[in-house]
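> These came from TrEMBL, pasted as-is:
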BINDING   140, 171, 198, 246  divalent metal cation binding site
DOMAIN    288-407  domain 'VOC'
DOMAIN    433-582  domain 'VOC'
BINDING   436, 514, 592  Mg(2+) binding site
Ligand SMILES: O=C(O)c1ccc(O)c(O)c1
Ligand SMILES: [Mg+2]
């Protein structure tokens, strides 16, 4: 396998928002070594190709490709001749740009002839003219090409044309979207005919492939296509050109180009690791959520403390030097941070009472910090007092801190004892810990979050759920790792009126929306919560009528569920789930008490509509 670290990283200008110079600057700032110049970006640029050449030179960016050249091959006369003239014009542009390679994508025109020999003749003629100017041509099968849409067809044509200045461009999207692969590439296609590689991922969507490609492509690791195995096959065939991202995505084109470019580079660094070519500090071994931290002021802390008390938490410790409290129930730790001039107070100023950090247990925090740095995710170190333990953290895309806590072993002291005066007292043996942490994410931010959790922590995506809020649709997908010890559902809503949408606008972008705690017995837990007057969400009687129809629960069981506001679900493998929700705190976040039985692996999505309607009723004063 070639040393991938020597394969330059490149990005197509079409991936990014802004005018051409902005795109080039963003690509260079992220650390790309090359760019594909999209013709449209050049057409709309108010300057000469030579200006672009100079900007690229100043930014140390190579122009890896000029594209696209459309509807060229196998056209009847007189278009055939006109197309060759058009090619000469574009060669002029390329020479002014300093671009050496042009991409011809397979013809989509209705008049294109179904004659591969003609296509080969035309491409040979174009390649010959290119060669006279020391330029080269690569041919790409578009998944929706009129007669050519598979790489094997494109290869037959290129092989027939048999010109040294003509080769193939392989694009992961076009191949993988048709559920094709690169089987047979190595051996059939000589390495020197593999001129260019374009990388894109995508979500699995059932839609026409043209719209899918033009609007929903993603960076590798953000979607569901087997891009890593595609790259592995191409490297095995001897490909030694640039790794170039070509992503058409509506959200990316409206987002800040520097952020998107950085994510693009991260996706390539991660992909190199996936194919075993350029290792990163290894993925962490995760073993759960050690604590969740809230930014509060004193008034919010009193109010939140009251709610937590009703859920069986007690004030279990006070920070030695800061205005920070530890609240605990069994294995669940919550930190209420009211310290002025801290990351927490900054968050409180911006967003009010909200989650400002979560702490994950990992085998080796320092190794994960090194991994974050290799992926250029920002690392954060809080000011500490003498004798306090410094807990490293990385910043999630919304600025939430993710602390990295070494999983306590018999040999290590739990983190709490250095920094907190832990009150003596036995913790009520109620909650086992954090079951999952759900976050609301703005539509334009989700792909950045996916990349963050997947590339840095190795969390893997679970099934996608579509949840019906009374005021719009919410899409939810959990990212899971550490054998289920870390579960992070990410919720997105296009509607601003859903609970998720409102949360995103109220909290300036994104944030933790609810925290679910695990209990061994939801019934016992909810009896206690009821006795303490915990404000649980009311569930309509109709829900329990329907439960009786769907599941073989006896009347006694149903009565208990209804009395304790518990929802119920079962998965196809026979696992079951009992869970209940608190009212939202300040219309922001809420808590869930959850019991998983017999290996239940989901999140009660079947009940989400009932929960969201109950929350909507409360918001609008109906309850
Ligand atoms: O959507 C298109 O037309 C288009 C153009 C050029 C490409 O390289 C490509 O993959 C798609
Ligand atoms: Mg392409």
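Keep in mind that glycine also has a Cβ here, set from the backbone N, Cα and C atoms.
Predicted automatically and left uncurated, TrEMBL annotations should be read as such.
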> With respect to ligand 1, which members of the binding-site residues 171, 436, 514, 592 satisfy a Cβ distance under 6 angstroms to one of its atoms?
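If the test is a Cβ under 6 Å from any atom of ligand 1, the answer is 171.
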> Where does the mean pLDDT land for the domain 'VOC' (433-582)?
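Averaged over the domain 'VOC' (433-582), per-residue pLDDT gives 92.
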> Taking the binding-site residues 171, 514, 592, which residues show a Cβ-atom distance to ligand 2 below 6 Å?
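Listed by sequence, the hits are 171.
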> Starting from the Cβ of residue 198 (divalent metal cation binding site), draw a 10 Å sphere and report how many other Cβ atoms land inside it.
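Residue 198 (divalent metal cation binding site) is surrounded by 24 other Cβ atoms within 10 Å.
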> Can you name every residue in this chain, apart from 140, 171, 198, 246, with its Cβ inside 8 Å of the center of the Cβ atoms of the recorded divalent metal cation site?
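For the divalent metal cation site the neighbour list reads 103, 169, 170, 172, 173, 174, 196, 197, 199, 200, 244.
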> Out of 436, 514, 592, which of these binding-site residues is nearest residue 140 (divalent metal cation binding site) by C-alpha distance?
436
> How many of the residues that make up the domain 'VOC' (288-407) does DSSP mark as helix, as strand and as coil?
32 helix, 46 strand, 42 coil
> Counting every protein chain present, what is the number of Cβ atoms, excluding its own, within 10 Å of the Cβ of residue 246 (divalent metal cation binding site)?
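So the number of other Cβ atoms within 10 Å of residue 246 (divalent metal cation binding site) is 28.
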> What residue among the binding-site residues 140, 171 has the most other CB atoms lying within 10 A of its CB?
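When each Cβ's neighbours within 10 Å are tallied, 171 leads.
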> Can you tell me the CA-to-CA distance separating residue 198 (divalent metal cation binding site) and residue 436 (Mg(2+) binding site), as a whole number of Å?
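Distance (Cα to Cα, whole Å): 37 Å.
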> I'd like the Cβ neighbour count for residue 436 (Mg(2+) binding site), meaning other Cβ atoms within 10 Å of its Cβ, all protein chains included.
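There are 20 of them.
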> According to DSSP, folded down to helix, strand and coil, what is residue 436 (Mg(2+) binding site)?
strand
> Apart from 436, 514, 592, which residues in this chain have a Cβ no more than 8 Å from the mean position of the Cβ atoms of those residues at the Mg(2+) site?
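So the extra residues in range turn out to be 435, 437, 438, 489, 515, 516, 517, 581, 590, 591, 594, 603.
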> Around residue 592 (Mg(2+) binding site), how many other CB atoms lie within 10 A of its CB?
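Taking all protein chains shown, residue 592 (Mg(2+) binding site) has 21 Cβ neighbours within 10 Å.
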> Where does residue 246 (divalent metal cation binding site) sit in DSSP terms: helix, strand, or coil?
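For residue 246 (divalent metal cation binding site) - judged by DSSP and reduced to three states - the answer is coil.
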> Where residue 436 (Mg(2+) binding site) and residue 171 (divalent metal cation binding site) are concerned, what is their Cα separation in Å, rounded?
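A Cα-Cα distance of 37 Å.
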